[in-house]
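S.K.: I'd like to ask some things about the structure below.
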Amino acid sequence: MTPSVPRPHLPTVVGRWRSDAAVLLLTALVVALAVGVTAAVDPVTEHAADRAIAATVRDAGRQADVVATLPEWYDDPRGKELDPSTATQVRQDADLARQVLPPDLAAVVRPGVVSVTTPPLQLLDAGPGRMLQLAFVETDGRPPAVTYVDGAAPGAVRPADAGSVEVAVDRSVAEALAIGVGDRLPAEDEQGRTAELRVSGVFTADAPADDAWQVSDRLLHPVQGVADGLAYTTGAALVSAGALPDLRLSLPADDLDRRLVLTPEPSRARWRATRSLERSIVSLQSSSGVSATDLSWDSRFGAVLQRGREEVAAARGQAQVLVVGLLGATMLVLVLAAQLLVRRRRDELATLRQRGASLGGVALELLVEGLAVTVLGGVVGWGVVRLAAGSAGWTSAVPVLLVAALAVPLLGAVSADSHGGGRRVPANRGARRTAERARRLRRLAAEAAVVAAAVLTTSALLQRGVTGVGVAEDAAWGDATAASAPTWWALAGALLLVHLLPHPVRWAMRGTRRSPGGVGFLVAARVAETGVRALPVLVLVVAVAGTTVAGSLVATAREGQAAGALTAVGGDGRIDAEPQADLSDVAAEAEDEPGVVAAVAGRVEDGVRISSGGAVEVVRLVVVDAADYADLLAAGDLPDASRLALLGAAGGDSGGDPGGDPVPALLRSGGSPLADRPTVRWEDVPVVLDVVGTAPDVDASTDPVLVVDASAFADAGAVALPNTLWLSGPGTDQVIDAVASRVTGVDAVVRRSEVVEARRAAPLTSALLALAVASSALLVLLGVLGIVLSVAAEAPERSRSLGRLRALGMADRDLRRVLLGELVAPVAGIALVGWSIGVACSYAVLGALSLDLLTGEAVAPRTVVPWWTVLAVPVVVAAALGHAVLEARRVRRRDLSRLVRA
Amino acid sequence: MNEPVPPMVEVRGLTRTYGAGSTAVTALRDVTFDIAPGELVAVVGRSGSGKTTLLNLLGGLDRPDSGTVRVDGTAVSTLDDSGLSALRRDTVAYVFQTFGLIPALTAAENVGLPLRMRRTPVAERERRVELLLDLVGLRDHARQRPDQLSGGQQQRVAIARALAGSPRLLLADEPTGQLDTETGLAVMSLLRAVVESEGVTAVVATHDQVLMALADRVLAISDGRVDG
Ligand SMILES: Nc1ncnc2c1ncn2[C@@H]1O[C@H](COP(=O)(O)OP(=O)(O)OP(=O)(O)O)[C@@H](O)[C@H]1O
Ligand SMILES: [Mg+2]
């Protein structure tokens, strides 16, 4: 009896290692690569996610502010007295508000701006339409830094002057309102309650970008305009801590709005903390009191964070699609390597088994080796990432590690079992047939499982996308179900290929059977004999298909970004300016500039209200020459150009409306569809519209878009001076600055190329694209490894077969051709099919990956499968070719006399 | 014996040593003999006596350390690689102990291989394949693949294949080694018959004393020396 406790025999193990060093090293290398990549994905995505959240918060600007409205002061009805501690009270109330901030929120916001503001007060000294808002502003107990160009900071007035407040204004405000140091300005609020303002100083802001100035835009930028036919000017004035008691005394409490505005510091908002921050904000807002004398909170920071978090989730989901493909291919390659090892050791394992070693003992010996190789590869891959990136994940590499450690022991045990006499092929033909049937059933079940997985994961993907909605965010890898859909399809396609491949091979044999030569015929015969092993086909198909999907993802995202930028800009370039009649002339001149195909001036006005029946909707109104605009859209490959022709045709039916014929309009409606005769008020002129079609998405508006023809609009009595100039054509980037120099009051010059650059440089986008590039390169490498491994596994058998042909007198040249043919032709065919599967997967899947979150488009970008993804095919073919050349040399050198003895 | 016809095989002072130094094994020692055209010669000897080594040297699968081999007037030992493959294609044919058929091809396709290598026209090839399969009695098995044939049938296919290219010299290394006595005898008589009908010269290595009776001449090898 042999001892039942299996004990690995060290010299045997070491000897085996030496003879299989190449394969073992390769296995360790593959493990190291897979572990390295997955280990890097976690810190890299985390880093990119942090940067993306920071960017979202930064872009949100003041939308992200957390605003505390401090309890309203109480005015004693028996009369107020001057209270010198007023400023201290404000500071204390702000501190109280800060104390209720949840700690995580407190950690991401800056110290905050404390303010006391009044509504705009009507100045009564000269003419109507002059308003001045008063604001006490402090950051960290200090007023914003200013330099007085005249006079001095406001202070307390003498008791005799009670009821007056000293204020200071920015120079621009002083100029706009025509006020200066020493002026005494009687003012009243909307309820007619009066106060006297004394201008103590005129200043310029040292740091206009300081958060403090955000308390009121008008502190530094007075607004002038026309409302209801009257010109108006509104500015704001600073009140100092010293003057605050006077303000408190002069105006009733309900005119004094006390706030603490906390601005998040973008770099402190971490992606992992977003969920809890959102919760903190919700709980903070729900703690708000209901009455004016309670502290209340308001913020859209939570919504901003949520948007950022969704974008990150989408990007992680997209990354997961790539990583799952990579891991799938890696595991297949590892199994292939294990198969090769076990095949090389088949006789040795069989002998072990015949000598009485238990299956467990055989497996244990192999497990020791598998673990050593896995640990070695894993530690190297993980360590490199750890050193390079400072941190490294490992959870997603677990399946790879398991396969690497267990494949050889399991396959080895199976091999020892079937070749070592443990299980014999049944002698009885019936029993043999039963065994064969069972084997086929098992295989069929496995294939059915793969197809079922493909269907299930795809439906998961189509239903909920990859954004991981409803999945715990903290879970390192969330839910890989949906993300694995493309990989499953590649596997299913590969299995189908395994079933179908014998047919073309048989056709090839039939086609060459009646040829005089032997090369083509022998190639087909050899492929028929060895070419259709399942595992190599799976590896190659998954690798090439994965490369193709990754490449398509990159191309689709990049093209989508270009298209999104085109829609956002409205052409190759755009100049935003103040409304002016000259803009149309500038546009006409610009069309003559070199490289400009079309240039159009138009009016783009946001926040315009249109009403129909009882419904009111806020739209972006675009007033533009319809024909010219259609040319512009057509020149820039923008959609919807043809619909603009509808605007040219003069108003539909003349239905005796009070405003004359309705003006034809295109409407791109957001939510509620407006009834057919909406009215827009333009500078007090009501214009009745006739919606004749859907508007183009002008400059990527979030509001509904309403487009009308400028001359039709003018005919209806509404003159809209253009404020926007669009340029289209290859030379736009060069000439746009020159064109802008002819425009007065330019707000912004936008180049499409710059918008595209900015979008591509966004943290999530660049990280995802880098991952896609890296994973497609790695997948090609895995495909090559798969080829090398499977070719190496067949090499001894092939060398025997080719030796026979050589012994029959086949010339070396023909021998080489047979070898090249049998190695290269199947690889080329399988790789091409893999590429086709990748193309199909790209079209089926990319639309569901929420790539629009990366491209900034309103809808999923058009799937683009670039031609160069097919280059994966020549690369793997070249690998097969290289191997064939090496092997041909080896076959020629091989001693034929040995062959005869084999 | 002095015959006017030049010999088909002329072996002079043939020596082949494997390895070097203390582990060197001399498989053939200064072997000299002639084989006349149309002769069927049996090479017999114990295992390890050097039969396979001799056949390999005759067929150009191996090169001698010293001595010469001439087959049909060609000095085999001086040929380069392409000369050797031309020799194997046109002059010498092999029948292996392990049959050496290509598993993916049918019996007929296997037989046709040597003709494909010479790019024989298809019609002529098919005629010859049919003829040879007839000759070895496998007409009805033409479309079967090796794994669907018995060992004896496989060896008969191998013989038909060896004859397909109309070689001058047929070398068979223990063609019956994997067959039972009776089948072996049948294969041997087949060889005997085809040697006569095709007019080839044959050298057959064998252990089997019984089979020697069918040969024209027996070359006994022991310890790398041919005696008699
Ligand atoms: N490649 C080799 N390297 C070293 N020695 C070899 C080699 N091939 C054959 N030998 C030795 O040469 C001698 C002759 O071998 P050979 O195969 O010719 O004998 P054989 O008569 O064909 O034997 P068998 O009847 O068993 O086939 C043997 O001692 C063998 O061990
Ligand atoms: Mg031998």
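Note that Cβ sites are derived from N, Cα and C of the backbone, with glycine treated the same way.
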S.K.: According to TrEMBL, which of these ranges is transmembrane segment: A:26-49, A:362-385?
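M.R.: From TrEMBL, the annotated transmembrane segment range turns out to be A:362-385.
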S.K.: Could you name the stretch, out of A:362-385, A:444-466, A:534-555, A:823-845, A:865-886, with the greatest number of CB pairs under 8 A to the transmembrane segment (A:391-414)?
M.R.: A:362-385
S.K.: List, by number or range, the same-chain residues at least 6 past the transmembrane segment (A:534-555) whose CB is under 8 A from its CB atoms?
M.R.: 318, 321-322, 325-326, 328-329, 332-333, 335-336, 339, 486-487, 489-491, 493-495, 497-498, 501, 768-769, 772-773, 775-776, 779-780, 782-783, 786-787, 789-790, 827, 830-831, 833-835, 837-839, 841-842, 845-846, 849, 851, 863-866, 868-870, 872-873, 876
S.K.: Most CB pairs under 8 Å with the transmembrane segment (A:823-845): which of A:362-385, A:444-466, A:486-505, A:767-792, A:865-886?
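M.R.: It is A:865-886, which has the most Cβ pairs under 8 Å.
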S.K.: Give the nonlocal contacts of the transmembrane segment (A:444-466) in its own chain as ranges (CB under 8 Å, at least six residues past its ends).
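M.R.: For the transmembrane segment (A:444-466), the far contacts come to 314, 317-318, 320-321, 481-485, 488-489, 491-492, 495, 844-845, 848-850.
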S.K.: With a Cβ cut-off under 8 Å, give me the same-chain residues at least six positions beyond the ends of the transmembrane segment (A:865-886) that come close to it.
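M.R.: Contacts with the transmembrane segment (A:865-886): 540, 543-544, 547-548, 551-552, 555, 776, 779-780, 783-784, 787-788, 791, 819-820, 823-824, 827-828, 831-832, 834-835, 838-839, 842-843.
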S.K.: I need to check the long-range neighbours of the transmembrane segment (A:362-385): which residues 6 or more away from its ends have a CB within less than 8 Å of a CB in the stretch?
M.R.: 6, 8-9, 12-13, 16-17, 24, 27-37, 39-40, 43, 349, 352-353, 392, 394, 397, 401, 404-410, 412-413, 416
S.K.: Please compute the mean pLDDT of the model over the domain 'ABC3 transporter permease C-terminal' (A:775-893).
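M.R.: On average, pLDDT over the domain 'ABC3 transporter permease C-terminal' (A:775-893) sits at 87.
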S.K.: What are the DSSP helix/strand/coil residue counts across the domain 'ABC3 transporter permease C-terminal' (A:775-893)?
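M.R.: With helix first, then strand, then coil, the domain 'ABC3 transporter permease C-terminal' (A:775-893) has 101 helix, 0 strand, 18 coil.
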